[in-house]
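Record features (TrEMBL):
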- 8, 9, 10, 11, 12, 13, 14, 15, 59, 84, 85, 86, 87: substrate binding site (BINDING)
- 9: active site, tele-phosphohistidine intermediate (ACT_SITE)
- 84: active site, proton donor/acceptor (ACT_SITE)
- 204-234: region 'Disordered' (REGION)
- 225-234: compositional bias 'Polar residues' (COMPBIAS)
C-alpha cells in the first residue's frame, strides 16, 4: 500500500496571535508560514509524489500553492474529511482564555470524551480523518501501485489523530504527539501494519522515495506485506 506524507499547514496568522482558528474563514499564512510553504518545494524535491490532497481551508491550500506551481502535472484534490476539527463556539477565541474552560481538562487528559459546544467531538474528527486516509490509500494504490507516495495537507489535531490510529494508540494518548507548522509525517501502510517513518520532520524528505524495483524481484516488494525487520533495518 502507499506511503502517505502528512504535512501540517505553515504557520498562520492565528498561530502567531494565539488564537484557536478552527474553521474560521480567511485565516492565512503569516510571512514565516509563506516561507515555510516555499521551502516545502525544496524539501520534497526528490520525492515522486503522485498526488496531493488538501483540507479545504485557506491555510492548507496556501501551503500547497508553491508545490502545485512547481509540479503542474501533479493532481491536487480537496478533501473535506481532513478539514480542521470543528471547535464550534471555541473557534476564534484566545487559547489563553480557553485554558480556563472546564472542558480543556477533558481535551488534555481524555480527548476521546471531548465534544466542543456547537462543534464536533474529537472522536468524530478522528473517525472521518482515518476514513479519508483509508479511502485515499485504496484509490492511490489502485491508480498508481503499492509503491506510490502521496501527500496530504491538514491540521495539527487531525494529523495527530491519524498518527495515533497508525500506531494503535488510544485517542486519549494522542496529546503526546507533536507536529509543528509545515512539518511532515510519513506513514507507509501495508496489509499487516502501518510503519511510521517520520514524525514532525522539518528537513529534507527525499530519502523517503521508494527504491526502484529490481529484475530479481518477483511478486510484492520486500516489506510490502508489513513484516518488520528483526533487529532493525540498515
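Every residue, even glycine, has its Cβ placed from backbone N, Cα and C.
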*Of 9, 59, the recorded positions given in the record, which has the fewest other CB atoms within 10 A of its CB?*
59
*Using a Cβ-Cβ cut-off under 8 angstroms and a sequence gap of six or more, which residues of the chain neighbour residue 12 (substrate binding site)?*
21, 27, 28, 29, 30, 33, 59, 181
*State the three-class DSSP label for the residue listed as 'active site, tele-phosphohistidine intermediate', counting H, G and I as helix, E and B as strand, and everything else as coil.*
coil
*List nothing but the one residue from 8, 10, 14 whose Cβ has the fewest other Cβ atoms within 10 Å; the candidates are the binding-site residues.*
14
_Can you tell me whether DSSP puts residue 14 (substrate binding site) in helix, strand or coil?_
helix
*Cβ neighbours within the same chain of residue 87 (substrate binding site) - under 8 Å, at least six residues apart*: 20, 22, 23, 116, 119
